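Inspection log for the structure reproduced underneath, given as structure tokens.
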Amino acid sequence: MGCRWAFLIGLLGAMWLLGSGHGGQQAPETAAQRCFCQVSGYLDDCTCDVETIDKFNNYRLFPRLQKLLESDYFRYYKVNLKRPCPFWNDINQCGRRDCAVKPCQSDEVPDGIKSASYKYSEVANNLIEECEQAERLGAVDESLSEETQKAVLQWTKHDDSSDNFCEADDIQSPDAEYVDLLLNPERYTGYKGPDAWKIWNVIYEENCFKPQTIKRPLNPLASGQGKSEENTFYSWLEGLCVEKRAFYRLISGLHASINVHLSARYLLQETWLEKKWGHNITEFQQRFDGILTEGEGPRRLKNLYFLYLIELRALSKVVPFFERPDFQLFTGDKVHDAENKMLLLEILHEVKSFPLHFDENSFFAGDKKEANKLKEDFRLHFRNISRIMDCVGCFKCRLWGKLQIQGLGTALKILFSEKLIANMPESGPSYEFHLTRQEIVSLFNAFGRISTSVKELENFRNLLQNIH
Ligand code: FAD
């Protein structure tokens with residue numbers, strides 16, 4: 001869609017929001033329009049428009065999702081923040097107070113979660129315990145039931161399976177600890193400068209299928225920035241197949257979401273008694289204003305919506321897995337577990353009702369050999385990014401970076417397991433498709449972050465309209 005057309009739609013949208021009309025006279029661009037003028041109408045590569053997403057997310061999904069994420073099952077995430085960076089000697093900024101992560105004391109985490117660390121139901125728990133025992137023995141023990149033997153083989157296969165898009169932490173490691181996500185919110189930490197750029201740089205430069213010769217514009221680590229680079233980069237991106245373009249847009253969407261969060265929960269004031277967190281409009285504008293970022297900001301916000309649609313689609317596809325009667329949000333508190341499962345299903349049915357889902361069938365749809373190669377490339381690049389998260393030098397950023405990458409990886413795994421999910425038995429263990437508790441917690445929390453970012457865009461839009 002041409003910029004002028006997008007601008008006009010944006011302007012109409014803004015006028016509608018303000019409840020005013022100006023008889024066709026073109027008003028000067030407001031601060032809100034400079035961030036949002038191109039973030040309206042249809043999204044590239046999808047048949048969905050931004051306004052529909054905003055309404056759906058902000059009023060129907062977001063409030064219920066927030067409630068679910070406050071429950072015990074979703075608030076405790078096990079993570080190993082001590083894994084060394086596999087690519088270079090990392091200098092972490094753990095000296096920064098706002099980067100600190102407070103792990104849970106062992107009595108803070110419900111026993112049901114601890115004892116079932118990556119198990120999601122009592123049935124699965126029992127089976128997995130038998131499997132672990134069998135694995136320790138190093139072979140399939142003849143004394144195990146036939147069903148368990150089958151599960152051992154299937155789950156071992158599953159763990160090494162090519163369906164995993166993320167290199168998951170070894171949560172059995174003594175270094176892995178539970179973290180209460182509600183007590184360690186994603187917000188401004190002060191992690192910035194060359195260390196942070198290096199991470200983003202490695203992710204974009206080495207992992208987004210980009211040849212060395214093409215430079216991404218406005219890259220603080222690259223020399224010789226400018227318009228010609230920008231043109232080369234975007235024409236290269238346009239020329240890519242939809243999958244490779246999607247990869248770039250997912251990463252850029254995640255980057256945008258993180259930066260929306262840090263602008264929305266910025267450290268505004270600090271006294272020896274308390275800290276005040278809130279919206280920092282200048283910070284937001286510096287990152288997303290169309291003029292200040294030479295057109296990049298609105299593009300980044302569109303990528304955030306694209307990421308939203310991909311994760312939304314994955315949630316709609318995985319409904320049968322959660323609907324199975326065996327599935328529990330197991331924490332050991334039967335009443336709350338049942339209530340939360342009801343809430344989870346309500347949310348998932350709401351997600352399913354969204355009218356304009358992204359059509360992932362266009363992904364990897366070409367020639368089968370070519371499609372498999374692309375899918376494999378996609379997966380390997382993605383796994384690499386999950387390893388880079390161990391190089392993030394601020395623990396709080398590392399925590400949320402790991403969680404969101406694992407969540408996105410789980411979403412991709414779901415999208416590429418459609419047939420397995422459709423063929424799952426209605427009850428009893430599912431051997432072909434399986435989600436661990438860690439994957440479930442990261443999937444919903446990652447989506448919760450993007451959903452919060454979309455909601456925050458509405459808040460910033462309102463704040464910016466008041467400035468002009
Ligand atoms: P950066 O955001 O560092 O971006 C570098 C360059 O990339 C920019 O100059 C621009 O050219 C380009 N760029 C920016 N956004 C996009 C986009 N969406 N798409 C494509 N290109 C883009 N900081 C916090 O305060 N809290 C956090 O929780 C937090 N979590 C982080 C998690 C990770 C994994 C990483 C790598 C960083 C995190 N940071 C966090 C740091 C934060 O993302 C920024 O790096 C930091 O605020 C410095 O911002 P910057 O303006 O220098 O540009």
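Cβ atoms are placed via backbone N, Cα and C, with glycine included.
Listed in TrEMBL for this protein:
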- Cys394: active site, nucleophile (ACT_SITE)
- Cys397: active site (ACT_SITE)
- Arg187, Thr189, Trp200, Ser252, His255, Arg287: FAD binding site (BINDING)
- Cys94-Cys99: disulfide bond (DISULFID)
- Cys394-Cys397: disulfide bond (DISULFID)
- 1-21: signal peptide (SIGNAL)
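All protein chains shown were included, and the count of other CB atoms within 10 Å of the CB of Cys99 (disulfide bond) stands at 20. Note: the CA-CA distance between Cys397 (active site) and Arg287 (FAD binding site) rounds to 18 Å. Neighbours of Cys99 (disulfide bond) among the recorded positions Thr189, Trp200, Ser252, His255, Cys394, defined as a Cα within 10 Å of its Cα, are Thr189, Cys394. A separation of roughly 16 Å, to the nearest angstrom, links the Cα atoms of His255 (FAD binding site) and the residue listed as 'active site, nucleophile'. The most densely surrounded of the binding-site residues Thr189, Ser252, judged by C-beta neighbours within 10 angstroms, is Ser252. Annotated pair Arg287 (FAD binding site) and the residue listed as 'active site, nucleophile', C-alpha to C-alpha distance, rounded: 21 Å.
Only Trp200, Ser252, His255, in sequence order, out of the recorded positions Cys99, Trp200, Ser252, His255 have a CB under 6 Å from ligand 1. Taking only the Cα positions, the spacing between Ser252 (FAD binding site) and Cys394 (active site, nucleophile) is 20 angstrom. The separation of Thr189 (FAD binding site) from Cys394 (active site, nucleophile), Cα to Cα, is 8 Å. Of the residues the record lists as binding FAD, namely Arg187, Thr189, Trp200, Ser252, His255, Arg287, the two whose Cα atoms sit farthest apart are 20 Å from each other.
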